[in-house]
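Student: Supplied in structure tokens, the structure appears directly below.
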Amino acid sequence: MSSGHFFQGHWCDVFKCTMRCLSCTHTLSLVLCVLALTPATLEAGPETLCGAELVDTLQFVCGDRGFYFSKPTGYGPSSRRSHNRGIVDECCFQSCELRRLEMYCAPVKPGKTPRSLRAQRHTDSPRTPKKPISGHSHSSCKEVHQKNSSRGNTGGRNYRM
């Protein structure tokens with residue numbers, strides 16, 4: 001055996017040993033990290049909803065019905081909670097489920113669907129188009145300014161009292 005072949009074989013053995021040791025070190029580090037993080041993950045549990053996040057979630061869950069921050073009296077089972085607890089107490093300070101969020105939605109009015117409510121909003125007060133006064137349809141800018149000044153209008157804004 002030549003000395004070159006001996007050194008080449010020796011370096012291969014050293015390289016293999018080093019790779020095994022690095023591999024073991026990385027594996028051990030990974031296992032320790034997983035073990036260290038596991039108890040925190042188990043204790044965390046579901047997330048809570050507070051502030052704008054709670055409002056956005058309620059709007060999504062309740063839709064057009066709307067929602068209450070405190071439950072109306074006689075709405076849902078009240079034996080488990082005190083009278084002054086609301087959605088913030090139940091879903092911000094502790095986690096809550098979808099069923100709990102739905103309890104704070106306003107009840108659906110019988111016979112009205114969200115679509116009919118939307119349509120009704122647009123048809124409740126029909127607006128009549130303004131009719132131009134005969135003979136004054138082509139007023140000059142100066143005439144319009146004089147009319148507005150005589151009415152006490154400032155800055156082109158219309159104020160109603």
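Cβ atoms here come from the backbone N, Cα and C positions, even for glycine.
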Student: Per Swiss-Prot, which of Cys12, Cys17, Cys105 is disulfide-bonded to Cys62?
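Tutor: Cross-referencing Swiss-Prot, the cysteine bonded to Cys62 turns out to be Cys105.
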Student: If you look at what Swiss-Prot says, which of Cys91, Cys141 makes a disulfide link with Cys96?
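Tutor: Disulfide pairing in Swiss-Prot: Cys96 with Cys91.
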Student: Return the single candidate from Cys92, Cys141 listed in Swiss-Prot as disulfide-linked to Cys50.
Tutor: Cys92
Student: If you check Swiss-Prot, which stretch out of 2-22, 86-106 is marked region 'A'?
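Tutor: Here Swiss-Prot associates region 'A' with the stretch 86-106.
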Student: What are the helix, strand and coil residue counts for the region 'B' (45-73) according to DSSP?
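Tutor: The composition, in the requested order, is 15 helix, 1 strand, 13 coil.
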Student: Want to know which disulfide-bonded residues, from Cys62, Cys96, Cys105, are within 10 Å of Cys50 (disulfide bond) at Cα; which are they?
Tutor: none
